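Feature list (source: TrEMBL):
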DISULFID  Cys21-Cys53  disulfide bond
COMPBIAS  120-135  compositional bias 'Basic and acidic residues'
REGION    120-144  region 'Disordered'
Amino acid sequence: RRMMKSVIVQCQAKYEKDVECGGGYVKLGPKMPDPTAFGDPTVYNIMFGPDKCGYESRTHLILNYKGKNTLKQTNLPYRQDGEGLSHLYRMVIKPDNTIRVEIDAELIYEGSIKEDWEMLKPKEIDDPSEKKPADWLDESMIDD
């Protein structure tokens, strides 16, 4: 089933004080029979927003594909430093499988799900048993 419209997720996060470890992210998932059972192990389709634990801080953008949560390969910047400041997070997933992320109306990422998340199997798979022949020439130019 192909998505024909953009999906927009927008939320505002404000930490009253700096946190040592905590997330201000949103989790979007399938309908639950009992929403009061929502918790850490709950299955989700998208997780988006600020997260900090120890020295690691980033804006999470995790997509679930075929039951596997897949984190964006490079981190998105974290903007929750400082106390008491609100930040507006906006993510748009477009029908062409591209994503746009803004924090406080500033574009921080725009790119392709296919290229920036490891969801699809690689077209070529390394063969660890494959070895270069002993008579292989490494020179870029050789005489005729």
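Cβ atoms are placed via backbone N, Cα and C, with glycine included.
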Enumerate same-chain residues with a sequence separation of six or more from Cys21 (disulfide bond) and a Cβ-Cβ distance below 8 A; give 'none' if the list is empty.
Lys52, Cys53, Gly54
Measure from the Cβ of Cys53 (disulfide bond) and count the other Cβ atoms within 10 Å, all protein chains considered.
12
